[in-house]
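The structure follows.
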Amino acid sequence: MTRYIFVTGGVVSSLGKGIASASLAAILEARGLKVTMLKLDPYINVDPGTMSPFQHGEVFVTHDGAETDLDLGHYERFIRTRMTQNNNFTTGRVYEDVLRRERRGDYLGATIQVIPHITDEIKRRIIKGAGDADVALVEVGGTVGDIESQPFLEAIRQLRVEVGAKRAMLMHLTLVPYIATAGETKTKPTQHSVKELRSIGLQPDVLVCRSDRAIDVSSRRKIALFTNVEERAVISLPDADTIYKIPGILHAQGLDDYVVERFGLECRGADLSEWDRVVDAKLHPEKEVNIAMVGKYMELLDAYKSLIEAMSHAGIQSRTKVNLRYIDSEDIENQGTGLLEGVDAILVPGGFGLRGVEGKIATVRYARENKIPYLGICLGMQVAVIEFARDVLGWSDANSTEFDKDSGHPVVGLITEWADASGNTEVRTEASDLGGTMRLGAQECGLEPGSKVFECYGKERIVERHRHRYEVNNNLLPQLQAAGLKITGRSGDGALVEVVEAPDHPWFVACQFHPEFTSTPRDGHPLFSGFVNAALEYKAKKA
């Protein structure tokens, strides 16, 4: 029977509930338990797919094609369990399903209310998402006291009662600030946060106290006294120089032992040797490279969370310190490609819309002409094709129909038909809704033997995740290939271009898929490892 650990946050947001939850999950997994994780988002959007990256950050795409919260990326990077569409849902999704049933008449004329109809749907989704896991960690977005979170917290209260105390526990993250002028940490915000929780019928079993430093024993004892939590369950979680230290920090304080004892689970001790290796490689690199990342959402780096982590993972695998130089593509437009001087490689990630695209195209040209290692992802591949068409073929009006519907040479256009992650045929037009209408999820791709991308993966068939609605125009491919553009990866059915490479270049690879979604700190990802190795080779030749 599944045990549930519900995770809430108090005092302020951005305490790191996702990292703390994933770290505990990693320890429990290291003890041989089957673990899964869920994220409940209180906002009213159906999913984050159409939300601004500046507001929400990255949209993480699961293997089965769900557009989800970026915390699911943390979950997959910390545990081996693959997330699905059942591991993340929002208030909007819950209300959408309940209202659809009401319209069908499923409720037989009953008055639809938050309690019991909305809370019942939340509980149903939690149980479904947990599946047959030994332990399911369920993170609630936002902070206690937010009006949006109330239905979720009420559903948790009910579910704890229904499954019993031996199958459910509540872990609450809270802020314990250090006041420099007083020279001490303050526990009062934590006390008030727990008081708020208890007022809605929830007593925390574990308190994870976030601070910029370790919390002393006397403060932990005081927190335990005033919050009715066992002293051993008051955990100090200070800032760390890498998030991959967190499993070790929690384990050292016995959090996993407390959870296992509380649930009455029989399992082995935790083997965190893999995480020790990751931390050692991260903190003790032997080499160093500087890579320019040219994007259009640089004001909020969370928009590229998985990509930044994937570059870190590639560094871990080769014991290389990867210094990312974040450059806004609009700055390239305004100040020129001189901003790229001195880097060992260039990375252009995905994005949507016209803003900053010309800066990305100029970046591609700089990388191609100066023989600097280049990796383009999604839009980064599309601008690579546009640049090649303009500067090699001489099609000055070459563009994507996303940016110029009247282009004389639309080398990138809207995909109108494709197979989804389940093999079903999807059809889209310009009139389709924006939400949920892209080519999403895991798709098979065939690689060309002898190509740079094949050298990275070492096999002809791969599976990678996608999130796009525009693709290279097959009608203009013959001219592009005749001019030297290499098509080194195609979709499983051969219909869509997946990878392109530039001729006469030491390492120029651009892919339509998003390899960052499957990179992990323990295993890395072959494409990013190949990219970092190319940067190291380029740097060595410069020396």
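Our numbering is plain: 1 for the first residue shown, then up by one each step along the chain.
Quick reminder: no glycine exception, Cβ is built from N, Cα and C everywhere.
Here Swiss-Prot flags Ser14, Leu15, Gly16, Lys17, Gly18, Ile19, Asp71 as ATP binding site, drawing on sequence analysis. Per Swiss-Prot, the feature Mg(2+) binding site maps to Asp71, Glu139. Look at Swiss-Prot and you will find 290-541 tagged as domain 'Glutamine amidotransferase type-1'. What Swiss-Prot lists as active site, nucleophile is Cys378, and the listing cites sequence analysis. Swiss-Prot lists His514, Glu516 with the feature active site.
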DSSP three-state call for Glu139 (Mg(2+) binding site): helix, strand or coil?
strand
Note the Cβ centroid of Ser14, Leu15, Gly16, Lys17, Gly18, Ile19, Asp71, the recorded ATP site, then list each other residue of that chain whose Cβ lies within 8 Å of it, in sequence.
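Other same-chain residues with Cβ inside the cutoff are Gly9, Ala20, Ser21, His74, Glu139, Leu173.
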Rank the recorded positions Leu15, Cys378 by the number of other Cβ atoms within 10 Å of each Cβ, and give the residue at the low end.
Leu15
Output, ordered by sequence, the same-chain residues six or more apart from Gly18 (ATP binding site) with a CB under 8 Å from its CB, or 'none'.
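Residues satisfying the criterion: Lys39, Leu70, Asp71, His74, Tyr75, Glu139.
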According to DSSP, does Gly16 (ATP binding site) fall in a helix, a strand, or coil?
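The residue in question, Gly16 (ATP binding site), is coil (DSSP, three-state).
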Report the same-chain neighbours of His514 (active site): residues 6+ apart in sequence with Cβ closer than 8 Å to its Cβ, ordered by sequence.
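Listed in sequence order, they are Val61, Ser306, Gly350, Ile377, Cys378, Glu464, Arg465, His466, Arg467.
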Check His514 (active site) against DSSP and tell me helix, strand or coil, would you?
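Once the DSSP labels are grouped into three classes, His514 (active site) ends up as coil.
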For the domain 'Glutamine amidotransferase type-1' (290-541), report the average pLDDT of the model, please.
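Averaging the confidence scores along the domain 'Glutamine amidotransferase type-1' (290-541) gives 93.
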Quick one: Cα separation, Gly16 (ATP binding site) versus Glu516 (active site), in Å?
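On Cα coordinates alone, these residues lie 21 Å apart.
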Relative to the Cβ position of Gly16 (ATP binding site), how many further Cβ atoms are located within 10 Å?
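For Gly16 (ATP binding site), the count of other Cβ atoms within 10 Å is 19.
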How far apart, in Å, are the two Cα atoms that lie farthest from each other among Ser14, Leu15, Gly16, Lys17, Gly18, Ile19, Asp71, the residues recorded as binding ATP?
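Across Ser14, Leu15, Gly16, Lys17, Gly18, Ile19, Asp71, the widest Cα separation comes out at 13 Å.
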Including all protein chains displayed, how many Cβ atoms other than that of Asp71 (ATP binding site) lie within 10 Å of its Cβ?
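Total other Cβ atoms inside 10 Å, all chains included: 25.
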